[in-house]
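Residues or ranges marked as region 'Disordered' by TrEMBL: 64-85. The compositional bias 'Polar residues' annotation in TrEMBL covers 72-81. The feature repeat 'WD' is assigned by TrEMBL to 199-240, 241-282, 283-324, 325-366, 408-448.
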Amino acid sequence: MTEDVQKHSVHTLVFRSLKRTHDMFVADHAKPVSLDETSHKVKMAAKLRADYSAVLHMPVLKEGKDRPLGSNMHSNQNNAQPGDDPEYLITGTHAYPSAPGVALTVDTQIHRNPSEGGVHAMALALPPSQARLDASRTAASVGDIHRHAGGAERSHAPHSHAMSLLEGGGTKNSSLVARKAPTMPKPQWHAPWKLFRVISGHLGWVRSIAVEPGNQWFVTGAGDRTIKIWDLASGKLKLSLTGHISTVRGVAVSTRSPYLFSCGEDKQVKCWDLEYNKVIRHYHGHLSAVYDLDLHPTIDVLVTCSRDATARVWDIRSKANVHTLSGHTNTVATVRCQAAEPQIITGSHDSTIRLWDLIAGKTRATLTNHKKSVRALALHPRQYTLASGSADNIKQWTFPDGNFIQNLSGHNAIINAMAVNSDGVLVSGADNGTIHLWDWRTGYNFQRIHAAVQPGSLDSESGIFACMFDHSESRLITAEADKTIKVYKEDDTATEESHPINWKPEILKRKRF
C-alpha cells in the first residue's frame, strides 16, 4: 500500500528554502581567529631574523635598578657614583669596549653611550674624515672588525671615540653597505623581422611545424587531422596526408632516412615513408593524447611525450618501447633531444623541466624554478644552453646540470612555442598572437609583433602554436590559430642607424628562482 505524498504550498516551500539558506550562512566564518601569544612571539622572532639580522648586533644596554632604561646618558654622566656600575653587554662591533661581550672596567667606565641628539649634532659639526670616505668605498667584513679590535681604541680621545662610533655603527658592516647594482651589458643589434608571406590551406588550428633537412619544403600538422607538405620557396601546397583521426600535435622529419613522424590527440604515433607517402609503422603504448615528439640527432631513436604524464623512447626500426620516462605528475607538453648529455629534456604542466639519462632511462635533474606550466623548450644551436617558456617567465639554463642563468620577463601570456637561431635571436610565441624577439645573451626584447588574423577569423583566433627557423635561418615560420602559416623575414634595408637599440643600462634582472 503506497502512502500519500504530503503536498505543501508554494509559500511553505519558499520559506523552507529561505530557512536552509539562512542556516547555511548564519555562522560567521569570516571572523578572524583570536591571537595566540606563543604563535605571535614565534612569528615575530622569525621576522626579526629574516628582516633585521644585519642590525641585530647593535649594542644592548642593561641598566641598574636606579636608572630607567633609555635615560639620557649625558645627564647621568656627572652623577655617577663609584658603586654605581651599569653592565654593558656589547653584542657586536662597538667602540666601548672594542671586544664583543666584555663589560666595562674601572678604566673605561667613564665612557658612556652618547645620546641620540648628541650623535646627530656631532655628525653635523664634524667634517667627513678619510676613514669614513674609505668605509663608504669598501666595506670591511666582520672578521676584519674583530681582528682590528684591541686596546688601542680604548685610549682614543672622546673626539676619536665619537668618530669611530659614527663610522662603526653600521657603515663598517658589509651587510649594511649598499652595493652598486650590476647593469645589463649592451645587447647585440639584430635586424627587425617583418611578415613576408601568409599561407592558407588548413581547415583547423595549425599545431606543429617541421622543416626537411634539404630546406626545400616544410610540413605542418593541424586540427583538421591532416598533414600538409608545402614548398618553402613559393608557399604552395605539394601534398596532403590523411590517417590521423584527431588533431595532429607534432611532426618531425628525419635527417637520417626518408621518414616523417607524426603524433596526435588520437594517441597514435605514425611513421610515414615519404617515397610511398603512406604509413609504414605505428608506435603503440601511450594511454592518452600525444602532444609532442622529437628525433635524436645521431641515433635511430624517437621520443614522444603525452598527456599520460610520461615520455616514451622508441626504437624507430623495431617499434620497441625502449624506455618509459616516468616522473612528471602532469601532462608532458614538450620534449627536445640533443646529442650531448642530457640527451632528452621534457617540459610539463606540473611546472617542472626534467633532464633525462637516456641510457638508464632515469631523471638526471629536475628544474623547479617555474611556477606555471612549461609548454615550450628551445635548444641553442651553438651554445650548451636551453631556454624554457612558461606563463610566468622565460628562463635560460646551462647544461649539463641545468644551472639557472637569467629570466627574460615581459612576455605576459601563455607561451606555446619558442625557437632560437645561431645569431642569438630567441623567438617566443604566445596564445594571444604576440611574438617577442629577444637577444639571447642579454635577454633584451628588441621587437614585438602582433600580426593581424586572417580575414573571416575571430580576433581571439590569434594564438601562436608553433614556430621554427628554416635551416638557412633566414625565414621564421609560425603556425597559428587562424588556420594560417605565416613566414617572416629579416628586413634587409634596416641598419643600426635606422633602427637603433632603445636600450637603457637598467638593473640586471637575474632572479635566482
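Backbone N, Cα and C define each Cβ position, glycine as well.
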- Task: Report, as numbers and ranges, every residue of the chain located at least six residues beyond the repeat 'WD' (408-448) whose Cβ falls under 8 Å of a Cβ in that stretch; write 'none' if there are none.
- Result: 184-188, 190, 192-193, 373, 375-383, 387-391, 393-396, 462-469, 473, 476, 478-481, 501, 503, 509
- Task: Residue list, the repeat 'WD' (241-282) vs rest of chain: Cβ under 8 Å, 6 or more residues beyond ends.
- Result: 204-205, 207-213, 219-223, 225-229, 288-295, 297, 300, 302, 304, 306, 314, 316, 319
- Message: Is it possible to list how many residues within the repeat 'WD' (325-366) are helical, extended or coil according to DSSP?
- Response: 0 helix, 23 strand, 19 coil
- Message: Looking only at the repeat 'WD' (283-324), what is the model's average confidence as pLDDT?
- Response: 96
